[in-house]
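First the structure, in the form of structure tokens, and then the observations on it.
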Amino acid sequence: MYSSALAATSGKTTAYGSRLFVYEVEGLSQNTDNDSLDYPIRRSGSVFITVPYERMNQEMRRITRMGGRIVSIKPLDAETPLKPTSTSNRSSKAEVAQPQQSNPTEKKRKPMTQAKTKVPVNIYKPKNPYIGKCVENYPLVAEGGSGIVQHLTFDISGGDLHYLEGQSIGIIPPGTDDNGKPHKLRLYSIASTRHGDKLDDKTVSLCVRQLEYQHPETNETVYGVCSTHLCNLEVGADVAITGPVGKEMLLPDDEDANIVMLATGTGIAPFRAFLWRMFFEKHEDYKFKGKSWLIFGVPYTANILYKDKLEEIQTNYPDNFELTYAISREQKNSEGGRMYIQHRVAEQAEKLWNMLQDPKTHLYMCGLKGMEAGIEEGLKPFAEKQGVEWSDFVKGLKKEHRWHVEVY
Ligand code: FAD
């Protein structure tokens, strides 16, 4: 599932092995690093660089170092003639072709930041779910924390189920409901990257809290059907999976995007997928370079799901990742009350506000219903101090697909 055939240039001999590709590059600057350029750069417009397949990665890195942006990659064919550079005689060096302005039929190329990744949806429907196998099921709440939250991994190698970070899958619990009908599916945010926890594209993981509440009339303890089924699932047991679904919480392809993540409890699931993709995995076609910030609300320190890994990212990538906890039963807000996520948002309103002015910044919220109102509570007063109507501001972010909410 490492999808981009062009970018996946591992050096293996493939059908592309002997071929040449043309990079269209914008924004190259001659005074970055000490790279001596061996192709001419024009002040405006693009340059076209021809690259042999086996040098594609190296050339991509070099272009990035020089501040360039690849706006398209095409296999070299008869429609893309090249002019060799006059200054070059190194065999490994890229050649340059000027855009073919003399061709009146050639359409003006639209700049694009990155090829759009196709979003898979509903590969498996409830009538014909994929039957996966549980390969891992371990607790995430440390001693002293509240409730049961499990990390589950399912083997999906036998079918065609694939997904992107930020999507959800459906789980159909076995058995029937009170009306004798088969249980309906429940949605769960995917907690792994598209490559799965084992990096072999053969698994999907979830982060599931067992629903437990007191019945309002009888006061009996009630356990949720599907969450209990999952939290108690034995390794080796079958699990009926549908989906994937969801386009609301996708991670932008843009490596320079800034990602602000607000999570409560199991709302961490999609952000685990984001952060693992950004910081733990290595990809040829995605190297995160923006700023990411996770504000994570939990009741106790023991409820900080994936705590060690989050703190490892913070230690290893202090320039690219910021981690803020709101631990409601242990920390106090400025008024002496419990510290909820909206109090952290209010404390950091100016910084958040400034980040959101950047068109590359996306804000994500995932977790408990009501979070959106809490975030508004935290940011709205600051927006109003700037003379900005909060609802207009959010409308603008939604229109630009920079405001992403998934609450349940
Ligand atoms: P059910 O047996 O279906 O019981 C739920 C019902 O219990 C409710 O409809 C309500 O009628 C009743 N109920 C619940 N609480 C109370 C209460 N306090 N008082 C009275 N009645 C009550 N969950 C996760 O754990 N992790 C995730 O990553 C996750 N992602 C989700 C993503 C999406 C897009 C959505 C929509 C939901 C997500 N959920 C997630 C929630 C999940 O889908 C289920 O709703 C949850 O696990 C409960 O299902 P259940 O079958 O255990 O409960």
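Glycine is no exception: its Cβ is also placed from the backbone N, Cα and C atoms.
TrEMBL labels come from automatic prediction, so no person has curated them.
Among the candidates Glu59, Glu136, Glu143, Glu406, the one that TrEMBL lists alongside Ser189, Arg209, Thr266, Val298, Pro299, Ser328, Arg329, Gly367, Leu368 as binding NADP(+) is Glu406.
Farthest C-alpha pair in the NADP(+)-binding residues Ser189, Arg209, Thr266, Val298, Pro299, Ser328, Arg329, Gly367, Leu368, Glu406: 26 Å apart.
Counting residues per DSSP class in helix, strand and coil order gives 7 helix, 50 strand, 68 coil for the domain 'FAD-binding FR-type' (127-251). Among the binding-site residues Thr266, Pro299, Arg329, Leu368, the residues whose Cβ lies under 6 Å from any atom of ligand 1 are, in sequence order, Thr266. Every protein chain considered, the tally of other Cβ atoms within 10 Å of the Cβ of Leu368 (NADP(+) binding site) stands at 17. Applying an 8 A CB threshold to same-chain residues 6+ apart, the list for Arg329 (NADP(+) binding site) reads Pro299, Tyr300, Arg338.
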